[in-house]
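Look at TrEMBL and you will find 1-23 tagged as signal peptide. Residues or ranges marked as active site, proton donor in TrEMBL: 84. As annotated by TrEMBL, domain 'Glycoside hydrolase family 19 catalytic' applies to 154-164. Residues or ranges marked as disulfide bond in TrEMBL: 209-242.
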């Protein structure tokens, strides 16, 4: 069967548009080769393919704003999740190369079986329940939380879900890193300002923010973020630490 150029033109334009959209997606920034360079000691469980597949379920993730904003958000996401899964010793010279080393929390908390799993190490039954429903699994993760450490796509989806979702009175990490969040007067009074440091406050502020001195954990998060930002060729932005921020109430 032959097609005229008039017939083929709409199809070619459609293919071109689809290719353009794909070229601008997360995979165009976090390529397979860059992923390998970022995470040289990662567990084989965390594949690039699983990350890209999971990211496709969250269209705004890593695709919001200009190129610098998109890169900064992805550097922040990998900075935080790398600390959560690190196999390195905070403060050591190569600590920020050991992201994605562990799949499950090493020091299991008292909230078993809902201890930390996956890139964000989600914990507590309510997080498993909310994540499970949000990614289309109903109550499956409540009934079988181990799915997060057995299926890498599910693991990445829970991490990205947490990143993209406001946590109670806390804004989402995504909104903070893409400039969609505006601090209230109360936030400003408590030094909760836009920047990477606020994502640390959102994730673990009660333990790491507003202290007399910066904790080793908070420093480790910044170290990962600086490394990834440099690899992506983007500035880290303002307010990358949370030492002077008041933590959010539980």
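Glycine residues also receive a Cβ, built from the backbone N, Cα and C atoms like all the rest.
Between the C-alpha atoms of residue 84 (active site, proton donor) and residue 209 (disulfide bond), the distance comes to 16 Å.
Each of the disulfide-bonded residues 209, 242 was assessed for Cβ neighbours inside 10 Å, and the highest tally belongs to 242.
Counting residue by residue with DSSP, the domain 'Glycoside hydrolase family 19 catalytic' (154-164) contains 11 helix, 0 strand, 0 coil.
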